[in-house]
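Enquirer: Below is the structure I would like to discuss, written out as structure tokens.
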Amino acid sequence: MTTVRQRRVGKGTEAAEDQPSEEKNVKPEGKILSDHIGRKLWNILSITVGGIAAISLGLLTSVYVATLHENDLWFSNIKEVEREISFRTECGLYYSYYKQMIQAASIQQGLHGLVYDNKTESVRTINILERMNVYQEVFLSILYRILPIQQYLEPVYFYIYTLFGLQAVYVIALYVTSWLLSGTWLSGLLAACWYITNRIDTTRVEFTIPLRENWALPFFAVQIAAITYLLRAHLQPFQEKLTLVAVFMATFLFSLTWQFNQFMMLIQALALFILDCFDMLPTAKVTWLYIIQISGLLLVCVLQFFNSMILGSLLISFNTSVLIARTIQKNLKRGSLLSRLGKLILHVLLVLCLTLTINKFIKKILNLESDEHIFKFLKGKFGFGATRDFDANLYLCEEAFGLLPLNTFSRLSNTLLFYVYIFVLFLMTVAAIIVAFQNLSGSNGVSFMENMEECTITLKPDAAYNLIHTVLFGCLALSTMRMKYLWTSHMCVFASFGLCSTEVWRPILRCIHLYTSQRMRVIKYSAPIITLLYISYKFWPGIMDELSELREFYDPDTVELMNWIKSNTPNTAVFAGSMQLLAGVKLCTGRTLTNHPHYEDKNLRERTKQIYQIYAKRSPDDVYRILRSFGTDYVILEDSICYERRHSRGCRLRDLLDIANGHIMDGLGENEPDLKPSLYPRFCEEIKKNLPSYTTHFTRVFQNKTFHVYKLAKHK
């Protein structure tokens, strides 16, 4: 724990208040023993009550989101095809592998079908376990097969209840982290309540159940709790080793269950790097955390059949660079302020150069291009030149990848969370700056506090880590709305910790000359209790109304389409269409796809762009040739894409295709000067006119209000 204390001038009246005289402290030996036993019993009682409250809130959260899911869809009453359609977009793709494993003749055959899969991408055999993070589906399907529960529980319920159960783990981890930081379980209680009352902004598990983040974030929360405990002072060697094992297991499970793990852990590694540079964390523990991140990711790489995207990740390059730079610059934390600042700048530059060099070298050797769309997206997002790249624009035009909407803050403010968070963040940031300055200068005080009467500022390593963690993930959330769930859940932890923390209240009370230990204790416990009462009073009726609101799944057009495909097409038929729809086709019908929503592969991205020419201004001959090159038997056209109005001009899918093809966009508005009119009308519109040039290649075999299915002729 690093402390900055300003010396007092004058009489020590306050010291006398806090430290009773030696004479007053003399107590009989029996009284001391009795007090010790009383404190011990009180601690046991407090831990027991806090633990029961944590488990209870975790279970209540699971029941809450499960009830919302049931009430929203009437899941228990709808048909199996409707249940499967409710797993929209990539959710349906991931669940299809669980279903595939369940329906396989044996576990070995199911695994073989995943390793040598030729139904997810037509005319191509891929290893699903290498390409996608679906080990959780594999594990769950094996568990379902070996447990004697088949006659009591349907496979889909076993799956969704597992995900809802992980929400209990998530809430308990948030609760424990806040408790560890503040020292009181009241803080954990408040963190859990904030998580529940801000559900719209803290989780989306009830309507996107199989999403990878819903598997991964509970393990990430466990990892943060373990790191928080690891960074405490005076841990016994056994406790430290056990905690390191917990950090490793949580890191490994987090990495195994989400394809974006490397980017999240890179931000975490940056937080550790910043704190280590300012000497705010124990160097040995930081080194262990770097090693755990690398080893956890490499183990996942092995399980994913040496996935090259993992080997070429910036995280491995960065952590390796930091460890190398440390060995080169051994005297980094010695010297005067200016000397240390100079060394620090050189250290940062060295790490940056090494990271880029190592990463470029690895990508060159592996010929890795799987993640290039992410860097193109980042380049376009932060204004480093306009891009016509189809993949980058596909992300840039999605609301989920845009800036965090301002109404998010108004919702978070309704529960007082945002106000408390900003208050705590400001105070902790000031404390961190002061402590960092003191660490770099090696001084015992700070001159600009001379006029204050004994203001003591402390910042423990665990609090320092959580401060930088929330700042960096806050920046990520502000820039990319989809990532807000990483920030808002931790916001609950950080705000509740600050409201119950002596590190926040003690310096405030000292600086306004109102500090007494009794007064601080009153504020420390009354603030969270008052906040909890306010939240209960304001939001309990709303939660009850929400739980009593009943809806029902209704998508007759998609249900009709899936039933038609199952009844009227051969099992070996190959379907082309939008990524989102085809994921549902695979899940509901088991037919072969040309493309799908798991976008982390260069060949698939190029294939998807080619398939999407069905919505571009291309000739029927060109479209037919493209589709047949991927073995397509049927193509599904969607009016919602062909005549899209959800996005503005320039962001509609047809506009992105026009720009990528060098064609002028439809409708009123400006076009870039080098774009030219297309020689052909839009394919998805013109095909409905049944002109001879189209009917030669395409025959309509199904249509309803939403979908049009065409069978491709098989010319010799």
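Glycine is treated like the rest: Cβ placed from N, Cα and C.
Positions annotated as region 'Disordered' by TrEMBL: 1-28. Annotation comment: TrEMBL describes 1-10 as compositional bias 'Basic residues'. Feature annotation from TrEMBL assigns transmembrane segment to 41-66, 156-174, 179-197, 217-235, 242-260, 296-324, 344-362, 416-437, 522-540.
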Enquirer: Six or more residues out from either end of the transmembrane segment (522-540), which same-chain residues have a Cβ under 8 Å from its Cβ atoms?
Expert: 184, 186-187, 189-190, 193-194, 197, 414-416, 420, 496, 499-502, 505, 509
Enquirer: Using Cβ atoms and a strict cutoff of less than 8 Å, what residues sit near the transmembrane segment (416-437) while being 6 or more residues removed from its termini?
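Expert: For the transmembrane segment (416-437), the list is 2, 4, 194, 198, 278, 280, 409, 446, 457-459, 463-464, 467-468, 470-471, 491-492, 494-499, 501, 503-504, 507-508, 531, 534-535.
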Enquirer: Between the stretches 41-66, 217-235, 242-260, 344-362, which one has more Cβ pairs under 8 Å with the transmembrane segment (156-174) than any other?
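Expert: Maximum Cβ contact count belongs to 41-66.
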Enquirer: Please report, as numbers and ranges, the same-chain residues at least 6 past the borders of the transmembrane segment (41-66) whose CB is under 8 Å from any CB of it.
Expert: 160-161, 164-165, 167-172, 175-176, 179, 185, 188-189, 192-193, 195-196, 199, 203, 205-206, 543, 547
Enquirer: Hey, which bits of the same chain come close to the transmembrane segment (242-260), Cβ under 8 Å, at least six residues off its ends?
Expert: 132-133, 135-136, 212-213, 215-216, 219-220, 222-223, 226-227, 229-230, 235, 288-289, 292-293, 295-297, 299-300, 303, 598, 600
